[in-house]
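Student: To start, I am sharing the structure in question, which I have written as structure tokens.
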Amino acid sequence: MDRVEKHDLKIDAGLHRFLVDEAMPGTGIDPEHFFAALSALVHDLAPKNRALLARRDELQAKLDAWYREHGAPVDLDAYQAFLKEIGYLLPEGPDFSVSTANVDAEIATIAGPQLVVPVMNARYALNAANARWGSLYDALYGTDAIPDADGGTRGRSYNPARGAKVIAWARDFLDASVPLAAGRWSDVGGLAIDGTALSLTLTNGTKTTLRNPAQFAGYSGSAEAPSQIVLRQNNLHVVIVLDATTPIGQADPAGISDIILESAITTIMDCEDSVAAVDAEDKVVVYRNWLGLMKGDLAEEVAKGGRTFTRKLNADRVFTRPNGETLTLPGRALMLVRNVGHLMTNPAILDRDGREVPEGLMDAMVTALIALHDIGANGRRANSRAGSMYVVKPKMHGPEEVAFACEIFSHVEAALGLPENTIKMGIMDEERRTTVNLKECIRAARDRVVFINTGFLDRTGDEIHTSMEAGPMIRKGDMKQAAWIGAYENWNVDIGLECGLSGRAQIGKGMWAMPDLMAAMLEQKIAHPKAGANTAWVPSPTAATLHATHYHRVDVAEVQAGLGSRPRARLADILSVPVAARPNWTEEEIQRELDNNAQGILGYVVRWVDEGVGCSKVPDINNVGLMEDRATLRISAQHMANWLHHGIVSKVQIVETMKRMAEIVDRQNAGDPSYVPMAGRLEQSIAFQAALDLVLKGREQPNGYTEPVLHRRRLELKAKQRAS
């Protein structure tokens, strides 16, 4: 690997070229200044980074010893006393409110869906950024949100019977969201602008208007024959498209051809769990796509339906307000960027002692440099109109680590000439030590925090690893009913509201991981806004459009105001360990659990290691497509490692299960021309060996993380490919 030496750093030549030739021009940042500042950041803060990781290991060793002696805690007072004694559970300070300034409305006041997308994939990133608006008709027609029964089947050509069901669903939605003063939306035969009001004519000739006239926000076209009508509910916009020249509009009494919903309000461009970036070559792909998003020039050639077109970022949408002034609505989701956590290093840059630099330090400096194209002195202000950069910081353990992230951001701001606290922080509440000390974690970032989010997948992985020695864990499918998880979800909202996040920041909930099951999502995911979350994760732009309907039905600000008076969730419940009281499962139940875990692990790992794909829709054992990333992998691997450690299963049984499941995963991937089967070459398959490592060496992995094994094995495969 060719390297360029700058200020005691040895930088991969390709990364250096990208930074100097592509990222820096237009920012006002001099290359020598940048590399000197990066070197200072690395050499000042890397030792502290390593010390924090050593502290994680020290606490885990003490927990392991305690559990080996006591088993799962029965006397919770004694358990809490122990956690306080070792510095795991910290004293809680006085009440306070966060004071984060210059926060965009998309985060502070608009409640709605949030997408998370691998920024390594330009097409996915563009789709996610453009998912601010989505067709409700398309989202309903193309998914199981509308049942196939009674002639409503999806086919290759348009099915009018299904279309009628879609239109009926959408009209019912309008009745609930923007009701009329008289009549129903299904009876509307015409729309026009009368002065500053929306006038609707029903099919029986009756004139009506909106029950709440203030919900009329704007229009395009002429007042007599508008082409679009903009309505508003709970800070979210609905665009009714009027076009009688289209087949749908022609058949509609009012000429309505579509209903467009404001959908993904925010999108996290992910450099972490959904990507496979193990070296400088990969990191340049990550950073180049982020650069394209910040400069607004990211584009991708897309082939669809026999034609090729260029996908790029959508422009803002411009309408006329009822009073005749211009209404401009953002055309794109507000973009946050998720940097990696504190754990991993990356060979892209070496320090003065030849050590790989902490990847989180590199991400902070480079993603912020690139953000100057949006928020710098000459920035476009096309993403953040408030002039802020939003960084989601994952996998932090406790307030010391949050404070360290703030210190990193302060260094970066000083280096890049940004005012203090320009870089805002999203705190992923996905590690047990952060959960139990959440108030102090928020306090450590009180001037930066814009987001707390329950990541129940990683949080479950940490729950298993933290209490690995306590006994065999309950089955994975039972985990959602365990006492700790409900308390954890409520605690996050309770603490967030106590710390004044309402109206200032996002309180988020986790991912709907079944992108094909939209009817179930429509039924179940409304629980998130009802629980006081003003955002929640969805797996696709289509899911964002459907989930947006929940925020029309639920006024989250009102819910949060009501929750402020409830008692806080119980810490004792959060600290309860999900060990099986009577691990008397049948052999069939044990094998089914193993099959399910092994199949999920292999289905994800084979694409990660062999193809560098960090986020996949992996068919489960029942062929239901599940969105898998490193968080779901962490749970499955740790669960198998736990059962192995406690003798529920044997090593022989695990290896035999993995071999059988490899054949199933091979069959599930038979249609992928780039797929390399594992069966028949298990010893040679680096992906299969990685999957075995994750389970058989699961107890040894730091906090149960999968990154060390995945990175090592992916680098091994890339080296093998280069050698051949």
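Each Cβ is built from the backbone N, Cα and C atoms, and glycine gets one as well.
Marked as active site, proton acceptor by Swiss-Prot: ARG338. For ASP629, the entry in Swiss-Prot reads active site, proton donor, with the evidence type sequence analysis. Residues annotated as acetyl-CoA binding site in Swiss-Prot, with sequence analysis given as evidence: VAL116, ARG123, TYR124, SER274, ARG311, PRO539. The feature glyoxylate binding site is assigned by Swiss-Prot to ARG338, GLU430, GLY455, PHE456, LEU457, ASP458, with sequence analysis given as support. For GLU430, ASP458, the entry in Swiss-Prot reads Mg(2+) binding site, with the evidence type sequence analysis. Per Swiss-Prot, the feature cysteine sulfenic acid (-SOH) maps to CYS615; the stated evidence is sequence analysis.
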Student: Taking only the recorded positions VAL116, SER274, ARG338, GLY455, ASP458, which one has a CA atom nearest to the CA atom of ASP629 (active site, proton donor)?
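Tutor: With Cα distances computed to ASP629 (active site, proton donor), the winner among VAL116, SER274, ARG338, GLY455, ASP458 is SER274.
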Student: With H, G and I counted as helix, E and B as strand and the rest as coil, say where DSSP puts ARG338 (active site, proton acceptor).
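Tutor: Once the DSSP labels are grouped into three classes, ARG338 (active site, proton acceptor) ends up as strand.
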Student: Of the recorded positions VAL116, ARG123, ARG338, which one has its Cα closest to the Cα of LEU457 (glyoxylate binding site)?
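Tutor: For LEU457 (glyoxylate binding site), the spatially nearest of the recorded positions is VAL116.
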Student: With an 8 Å cut-off on Cβ-Cβ distance and a minimum sequence separation of at least 6, pull the same-chain contacts of ASP458 (glyoxylate binding site), or say none.
Tutor: ASP273, PRO394, LYS395, MET428, GLU430, GLU431, ALA631, ARG634
Student: At the Cα level, what's the spacing in Å between TYR124 (acetyl-CoA binding site) and the residue listed as 'active site, proton acceptor', rounded?
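Tutor: Pair distance, Cα basis, whole Å: 15 Å.
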Student: For the glyoxylate site as recorded (ARG338, GLU430, GLY455, PHE456, LEU457, ASP458), determine the largest distance between any two Cα atoms, in Å, rounded to the nearest integer.
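Tutor: The two farthest binding residues have Cα atoms 17 Å apart.
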Student: Taking the Cβ of VAL116 (acetyl-CoA binding site) as the reference point, list residues of the same chain whose Cβ is under 8 angstroms away and which are at least six residues distant in sequence.
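Tutor: In sequence order, THR267, ILE268, ASP270, SER274, ARG338, MET511, TRP537 meet the Cβ cut-off.
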Student: Quick check for the class: what is the C-alpha distance, in angstrom and rounded, between PRO539 (acetyl-CoA binding site) and the residue listed as 'cysteine sulfenic acid (-SOH)'?
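Tutor: With the alpha carbons as reference points, the distance is 11 Å.
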Student: Cα of PHE456 (glyoxylate binding site) to Cα of CYS615 (cysteine sulfenic acid (-SOH)): how many Å, rounded?
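Tutor: CYS615 (cysteine sulfenic acid (-SOH)) has its Cα 17 Å from the Cα of PHE456 (glyoxylate binding site).
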Student: Rounded to an integer, what is the Cα-Cα distance in Å between CYS615 (cysteine sulfenic acid (-SOH)) and ARG123 (acetyl-CoA binding site)?
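Tutor: The Cα atom of CYS615 (cysteine sulfenic acid (-SOH)) is 14 Å away from the Cα atom of ARG123 (acetyl-CoA binding site).
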Student: Provide, as an integer number of angstrom, the distance between the C-alpha atoms of ARG123 (acetyl-CoA binding site) and GLY455 (glyoxylate binding site).
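Tutor: Cα-Cα distance, ARG123 (acetyl-CoA binding site) to GLY455 (glyoxylate binding site): 25 Å.
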Student: What's the CA to CA span in angstrom from GLY455 (glyoxylate binding site) over to ARG311 (acetyl-CoA binding site)?
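Tutor: Each residue's Cα considered, GLY455 (glyoxylate binding site) and ARG311 (acetyl-CoA binding site) end up 31 Å apart.
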Student: May I ask which residues of the same chain, at least 6 positions away in sequence, place their Cβ under 8 angstroms from the Cβ of ARG311 (acetyl-CoA binding site)?
Tutor: ARG123, LEU126, ASN127, ASN130, ALA299, GLU300, GLU301, VAL302
Student: Roughly how wide, in whole Å, is the group VAL116, ARG123, TYR124, SER274, ARG311, PRO539 that binds acetyl-CoA, by largest Cα to Cα distance?
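Tutor: Those residues reach a largest Cα separation of 22 Å.
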